[in-house]
Amino acid sequence: MTRNWSFRVIFVSAMWCALLKFATLEAPKDDFEYDGGCPFVVLDNGTHVKPAGCSHLCNGAPETLDNIECYNVTEEVAKRMTPGIPYACWLGWCSKGECKRDNRTEVCYRGSEEE
């Protein structure tokens with residue numbers, strides 16, 4: 001009988017603790033402004049997108065990317081590409097805001113503005 005009583009006390013205590021924990025949790029506050037900032041221009045290769053270059057100005061301040069694959073194309077050139085037309089783009093790797101070109105190319109596309 002004592003064993004059954006001990007189990008009930010432990011079970012009720014555990015349930016009470018769980019109830020208190022979940023009853024006091026608040027939803028996290030999301031203070032991030034998703035409409036701010038300046039997104040990088042990206043080009044598509046049919047399965048993935050990569051940034052065109054690794055740096056740009058955002059509200060007068062430089063923004064850079066690091067340690068990510070990129071296309072060795074300036075944002076200005078990428079913006080002038082005709083959407084949906086295949087281009088041969090040099091691949092590179094972002095290092096301190098510069099897209100360091102390697103010896104590979106792949107087909108890339110500029111997406112439409114609606115995407």
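Keep in mind that glycine also has a Cβ here, set from the backbone N, Cα and C atoms.
The signal peptide annotation in Swiss-Prot covers 1-25, and the record cites sequence analysis as its basis.
Cβ neighbour count for Cys58 (disulfide bond) (all protein chains, 10 Å cutoff from its Cβ): 13. Annotation comment: Swiss-Prot describes Cys38-Cys58 (among others) as disulfide bond, evidence class similarity to another entry.
Taken from Swiss-Prot, the feature N-linked glycosylation site applies to Asn45 (among others). Asn45 (N-linked glycosylation site) has a Cβ environment of 15 other Cβ atoms inside 10 Å. Under the DSSP three-state reduction, Asn45 (N-linked glycosylation site) is assigned to coil, being neither helix nor strand.
Residues annotated as disulfide bond in Swiss-Prot, with similarity to another entry given as evidence: Cys54-Cys94 (among others). There are 20 other CB atoms within 10 A of the CB of Cys94 (disulfide bond), with all protein chains counted.
If you look up Swiss-Prot, you'll see Cys70-Cys99 (among others) marked as disulfide bond, on the strength of similarity to another entry. In the three-state DSSP scheme, Cys99 (disulfide bond) is classed as strand.
According to its DSSP assignment, Asn72 (N-linked glycosylation site) is coil. Same-chain residues at least 6 positions away in sequence with a Cβ under 8 Å from that of Asn72 (N-linked glycosylation site) are, in sequence order, Gly53, Cys89, Trp90, Leu91, Gly92, Cys99, Lys100, Arg101. Swiss-Prot lists Asn72 (among others) with the feature N-linked glycosylation site.
The feature disulfide bond is assigned by Swiss-Prot to Cys89-Cys108 (among others), with similarity to another entry given as support. Counting every protein chain shown, the number of other Cβ atoms lying within 10 Å of the Cβ of Cys108 (disulfide bond) is 23.
When Cβ atoms from all protein chains are considered, those within 10 Å of Asn103 (N-linked glycosylation site) total 6, not counting its own. For Asn103 (among others), the entry in Swiss-Prot reads N-linked glycosylation site.
The closest partner of Cys58 (disulfide bond) among the recorded positions, by CA position, is Cys94; the full candidate set was Cys94, Asn103, Cys108.
Classification of Cys38 (disulfide bond) by DSSP places it in coil, neither helical nor stranded. For Cys38 (disulfide bond), the nearest of the recorded positions Asn45, Cys54, Cys70, Asn103 in terms of C-alpha separation is Cys54.
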